[in-house]
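For reference, the structure is listed below as structure tokens.
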Amino acid sequence: MIEADRIISPNATLQEDSQDRAIRPKRLEDYVGQPQVREQMEIFINAARGRQEALDHTLIFGPPGLGKTTLANIIANEMDVSIKTTSGPVLEKAGDLAALLTNLEPKDVLFIDEIHRLSAAVEEVLYPAMEDYQLDIMIGEGPAARSIKLDLPPFTLVGATTRAGLLTSPLRDRFGIVQRLEFYSVEDLRHIVARSASLLGVSIDDGGAHEIARRSRGTPRIANRLLRRVRDYAEVKADGAITNEVADKALNMLNVDLHGFDHMDRRLLLAVMEKFDGGPVGVESLAAAIGEEKGTIEDVVEPYLIQQGFLMRTPRGRVATQAAYNHFGLTMPE
């Protein structure tokens with residue numbers, strides 16, 4: 001199974017990108033959750049606007065699905081400027097970046113998603129652009145080649161990444177503002193579900209919103225995806241209104257349990273507990289036992305189970321915790 005097949009995947013599909021655009025908050029006042037980030041960005045943006053300057057370059061990092069792209073667009077809206085959007089893998093050559101930079105208006109936002117995937121050649125062009133608002137361009141080839149400097153308007157680079165540790169130090173050090181997005185609380189997700197339902201014209205009560213929120217793995221993107229699927233269920237099996245009971249039945253049908261685990265999570269935990277006596281078990285043996293690739297287990301399944309305290313990664317292998325045994329109603333071996 002691949003990540004995109006899972007309803008609780010935090011990664012967006014192309015269809016979801018366009019669907020989510022309609023329900024994304026446009027202003028900080030509509031942005032739910034991340035109170036520290038929201039408070040800080042409000043101060044930084046108001047200060048920059050008061051000085052009539054471009055906002056400092058901003059790095060946003062954290063797990064997928066938490067709203068990095070949304071926050072980048074909010075920054076542009078609050079600064080009342082345009083935003084140009086691209087991603088690290090798309091910028092293959094220095095010329096690709098130069099074309100974007102030379103088309104920016106003063107104070108505009110350039111948003112680079114997956115910025116950790118920029119090539120070294122593109123990064124070299126980015127350094128003087130970020131630091132001095134200058135673009136170094138080579139004209140000609142061989143002995144006749146010469147470098148010219150182009151002045152750029154002051155702009156704001158907003159970089160987003162799920163893997164901040166892969167950023168080079170010179171690039172990371174050039175960001176004046178660094179924000180980490182954390183997983184959302186159930187209460188914040190409940191507000192997000194209720195807001196999205198209102199924008200989508202879906203009838204939902206507090207119980208229904210709470211049921212979806214608590215199974216959304218702390219991730220707004222998953223919450224909005226589950227809301228759409230529960231809406232489908234409500235329209236066919238109920239009267240179109242989402243209550244706690246309707247949400248519970250719909251999510252059970254979708255194999256998403258009370259902790260937001262799907263069949264893949266449960267299969268891994270049960271394999272550790274039942275086939276390997278709770279562990280420790282090596283990831284290769286575990287992969288063979290459940291018929292998944294080692295990389296899928298390490299990158300897709302394990303992180304959330306470890307973060308929630310159901311699985312431990314030790315030098316000797318994976319170990320199921322007491323919480324895992326409690327979840328399945330099993331007795332932990334002595």
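In case you wondered, yes, glycine gets a Cβ from its N, Cα and C as well.
Cross-referencing ARG214, ARG215, ARG217, ARG221 with the ATP binding residues that Swiss-Prot gives (ILE23, ARG24, GLY65, LYS68, THR69, THR70, GLU131, ASP132, TYR133, ARG174, TYR184) picks out ARG221.
Around ILE23 (ATP binding site), the same-chain residues at least 6 positions away in sequence with a Cβ under 8 Å from its Cβ are ARG195, SER196, LEU199, LEU200, ASN224. Spacing of TYR133 (ATP binding site) relative to ARG313 (DNA binding site) is 45 Å (Cα to Cα, whole number). Secondary structure of the region 'Small ATPAse domain (RuvB-S)' (185-255) per DSSP, as helix, strand and coil residue counts: 52 helix, 4 strand, 15 coil. Comparing the binding-site residues TYR133, TYR184 on other C-beta atoms within 10 angstroms of each C-beta gives the minimum for TYR133. Shown in sequence order, VAL272, GLY279, PRO280, VAL281, GLY282, VAL283, LEU286, GLU302, LEU311, MET312 are the residues of the chain, 6+ apart in sequence, with a C-beta less than 8 angstroms from the C-beta of ARG318 (DNA binding site). Helix, strand and coil counts under DSSP for the region 'Head domain (RuvB-H)' (258-334) come to 42 helix, 9 strand, 26 coil. You'll find the Cα of GLY65 (ATP binding site) roughly 24 Å from the Cα of ARG313 (DNA binding site).
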